[in-house]
């Protein structure tokens with residue numbers, strides 16, 4: 001997987017994104033520019049295409065038309081580069097309520113076959129801070145606060161199931 005690189009332009013740039021499912025047009029020419037270093041909220045009513053936009057920008061589904069760049073990586077030409085530059089938090093995070101934030105992070109690292117996080121620079125300080133925090137709610141906030149990649153699409157990351 002390519003190494004992440006710092007974007008010199010906008011964090012997200014999209015022109016003419018289109019997506020249909022059968023005869024239902026979900027996105028009809030979305031243009032979007034999000035400057036690097038900003039916090040951006042994509043708001044709209046149910047069915048407006050917010051989730052589809054996030055799915056396209058995070059390479060989970062392909063656009064039918066249009067172009068996009070994430071942190072300088074072209075969505076179509078360099079999807080691995082896009083994936084290396086983003087962190088996606090979904091509407092319902094896969095966190096175990098019975099585990100602490102630190103335990104959830106260790107579990108995810110193990111499931112993704114990442115190197116032992118305990119060896120990473122700064123891990124001890126982060127782990128100590130996480131041990132002093134609550135469980136699920138705080139764990140979600142901690143996950144969002146980790147070293148932020150240049151672009152971090154999220155589909156309603158602060159919402160709880162049924163909330």
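The chain as shown is numbered from 1 upward.
Any Cβ shown, glycine's included, is placed from N, Cα and C.
All TrEMBL annotations are machine predictions without curation.
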- Item | 98-130, 131-163 - the range that TrEMBL marks as region 'Disordered' | 131-163
- Could you give the number of helix, strand and coil residues in the domain 'ABC transporter' (27-121) as assigned by DSSP? 29 helix, 18 strand, 48 coil
